Amino acid sequence: MKEAKFIFVTGGVVSSLGKGLVASSVGALLQAHGFKIRIRKLDPYLNIDPGTMNPTQHGEVFVTEDGAETDLDLGHYERFTGIKATKDDNITTGKIYHELLKKERRGDYLGKTVQVIPHVTDLIKSFIFNGTEGLDFVICEIGGTVGDIESQPFLEAIRQVNYTLGKQRVILIHLTLIPYLAAAQELKTKPTQHSVRELNSAGLQPDIILCRSEKEIFDNQREKIAKLCNVSLSNVIPAPDVSHIYELPVLYSQCGLDTQILEHFHLSKPKPSLTEWDQIVHSIRHPTQEVTVSIVGKYTEFPDAYKSLVEALNHGAISNKVKVKINWVNSREKEEKPIGEKLQNSHAILVPGGFGDDGVEGKILAINYARTNNIPFFGICLGMQLAIIEFARNVVKLEDAHSEEFRNCKHPIVKLAGDQDDDLGGTMRLGAYKCNINANSKMMDAYSNTTISERHRHRYIINSDYKDDLEKNGLLCSGISEDGTCIEAVELESHPWFIGVQFHPEFQSKPFSPHPLFVSFVKAAIDKK
């Protein structure tokens with residue numbers, strides 16, 4: 001039975017350098033070489049998961065097929081490799097300590113003093129090794145920055161893995177920043193030297209250093225890094241900025257990253273097939289035209305809050321051979337005129353999911369603008385719920401129509417799903433659910449299938465008591481959950497393209513397999529133009 005090899009990706013100097021994209025690109029390249037891989041994320045924060053974290057702090061919450069609320073990097077892993085992530089692919093310090101304390105209360109430690117070493121580190125190692133049978137490579141990204149106090153148990157666990165398995169089964173990639181000082185007109189390697197020494201102090205020596213920089217890194221600078229950080233010159237690899245993330249697998253292959261990884265493990269190096277990635281990059285660089293899609297939300301100053309959504313639009317654009325220009329519109333704007341002015345040049349309008357009543361009326365104004373001006377509209381999760389509320393108010397004439405999530409009202413179009421408790425964490429309808437599609441609908445035109453499976457993340461559902469009134473007035477309930485209890489999709493029959501879905505189709509879209517709804521939505525934007 002083959003034994004998996006482990007690739008650990010750490011980051012230094014600053015956060016948000018793109019460790020997740022490095023891990024994703026390495027995974028894609030190893031797949032292209034014919035290897036079976038899996039990518040995991042180790043997050044040092046104390047939350048159990050990011051489910052209750054503010055998107056402005058953490059970015060979007062990516063939902064896996066099996067219902068785990070995870071870090072947005074798992075979305076990158078799926079999009080680059082096509083491998084569905086699971087709840088076993090994301091661990092946090094909070095989850096580790098939660099499990100640790102449960103074991104201690106059960107008496108699993110037989111009266112021993114419970115400590116970071118070995119008990120916390122053993123649980124981290126258990127996560128790293130779990131379910132790796134039959135894999136060639138397991139890629140583990142460590143969140144945060146080397147030197148953070150929260151990262152220390154994870155680095156110690158990696159040190160122990162490295163000690164136990166040896167270099168024949170472990171490689172460490174360190175992503176670092178080489179800042180450019182405009183005043184001195186030169187790149188500075190000193191922060192990288194200090195970052196590597198911090199890593200050394202944890203008992204770890206990087207095998208490969210990836211140098212992120214906005215300027216070209218020359219050989220003399222690479223030689224300096226190699227000499228002072230004790231890494232071979234061929235393993236000091238530039239990681240220049242790119243205009244689009246899907247350029248990265250081809251770029252890293254050209255820089256020799258996959259070659260150096262395989263040489264480290266003394267593996268043969270058949271030439272990888274990157275034709276699919278070349279085609280994707282070509283489509284991005286050579287669009288036939290540009291369309292403008294307005295995204296109306298309350299986190300528009302923080303695009304990472306809508307990471308999968310933006311990527312799904314890009315996938316729809318790639319499929320249609322166009323470029324999507326995103327017009328970010330803050331839904332906290334409650335006046336009709338300013339909203340209209342901000343949307344007037346839109347070829348399509350999208351209202352994404354969200355929580356809380358802040359910005360709700362602004363979204364409803366945007367939905368009304370799309371409906372009454374025949375502009376293609378896509379409502380996702382809360383976006384669908386608000387589209388139905390807008391329709392109920394202005395077409396069905398239920399003036400007090402609203403959602404139980406926000407206030408008591410005479411016509412609760414949206415209600416709480418089933419039995420819920422007061423805790424916010426882990427109480428939602430999460431993960432993949434099947435849905436039956438109306439055969440005579442735009443949904444059917446997009447999917448070409450009457451049964452679909454999509455991922456959900458919501459606590460409230462559409463009140464089915466209003467289904468007949470909605471359909472009688474022209475809003476078709478075109479998607480119903482498999483058990484018949486939830487309205488999953490609606491569409492306006494008299495509109496060129498007006499669809500709302502309760503689920504999150506963006507979580508399943510990939511550059512080489514774009515989601516059919518986003519392909520259809522971008523096509524509608526092209527037709528509108």
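Quick reminder: no glycine exception, Cβ is built from N, Cα and C everywhere.
According to Swiss-Prot, the feature active site, nucleophile maps to Cys381, an assignment based on sequence analysis. Cβ neighbour count for Cys381 (active site, nucleophile) (all protein chains, 10 Å cutoff from its Cβ): 21.
Annotation for His504 (active site): same-chain Cβ neighbours under 8 Å, separated by at least 6 residues, are Val63, Ser308, Gly353, Ile380, Cys381, Glu454, Arg455, His456, Arg457. The feature active site is assigned by Swiss-Prot to His504 (among others), with sequence analysis given as support.
Every protein chain considered, the tally of other Cβ atoms within 10 Å of the Cβ of Glu506 (active site) stands at 25. Per Swiss-Prot, the feature active site maps to Glu506 (among others).
What Swiss-Prot records for Ser15, Asp148, Ile149, Glu150, Lys188, Thr189, Lys190, Pro191, Thr192, Gln193, Lys224 is CTP binding site. Note on Ile149 (CTP binding site): other Cβ atoms within 10 Å of its Cβ, all shown chains, come to 8.
Every protein chain shown contributes to the tally, and the Cβ of Thr189 (UTP binding site) ends up with 20 other Cβ atoms within 10 Å. Under DSSP, Thr189 (UTP binding site) is assigned to coil, being neither helix nor strand in the three-state scheme. Look at Swiss-Prot and you will find Ser15, Lys188, Thr189, Lys190, Pro191, Thr192, Gln193, Lys224 tagged as UTP binding site, backed by sequence analysis.
Sequence annotations record features per position, and here Swiss-Prot assigns ATP binding site to Ser16, Leu17, Gly18, Lys19, Gly20, Leu21, Asp73. Long-range Cβ neighbours of Leu17 (ATP binding site) (same chain, at least 6 residues apart, Cβ-Cβ under 8 Å): Gly11, Leu175, Thr176, Leu177, Arg212.
Asp73 (ATP binding site) is surrounded by 26 other CB atoms, counting those within 10 A of its CB over all protein chains shown. Residues or ranges marked as Mg(2+) binding site by Swiss-Prot on the basis of sequence analysis: Asp73, Glu141.
The number of other Cβ atoms within 10 Å of the Cβ belonging to Gln385 (L-glutamine binding site), over all protein chains shown, comes to 28. Gln385 (L-glutamine binding site) falls within a helix when secondary structure is assigned with DSSP. Marked as L-glutamine binding site by Swiss-Prot on the basis of sequence analysis: Gly354, Leu382, Gly383, Met384, Gln385, Glu405, Arg459.
Annotation source Swiss-Prot lists domain 'Glutamine amidotransferase type-1' at 292-529.
Residues or ranges marked as region 'Amidoligase domain' by Swiss-Prot on the basis of sequence analysis: 1-267.
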Spatial neighbour of Gly20 (ATP binding site) that is closest, considering only the binding-site residues Lys190, Lys224, Leu382, Gly383, Gln385 and their CA atoms: Lys190
Please list, in sequence order, the residues in the chain of Leu21 (ATP binding site) that are at least six apart in sequence and whose C-beta is under 8 Å away from its C-beta. His76, Ile245, Leu248
If H, G and I count as helix, E and B as strand, and all else as coil, what does DSSP give for Lys19 (ATP binding site)? helix
Of the binding-site residues listed (Lys19, Lys188, Lys190, Lys224, Arg459), the greatest number of other CB atoms within 10 A surrounds the CB of Lys19
Compare the C-alpha of Gly354 (L-glutamine binding site) with the C-alpha of each of the binding-site residues Gly18, Lys190, Lys224, and give the closest one. Gly18
Given Ile149 (CTP binding site) and Gln385 (L-glutamine binding site), what distance in Å do their CA atoms have, once rounded to a whole number? 42
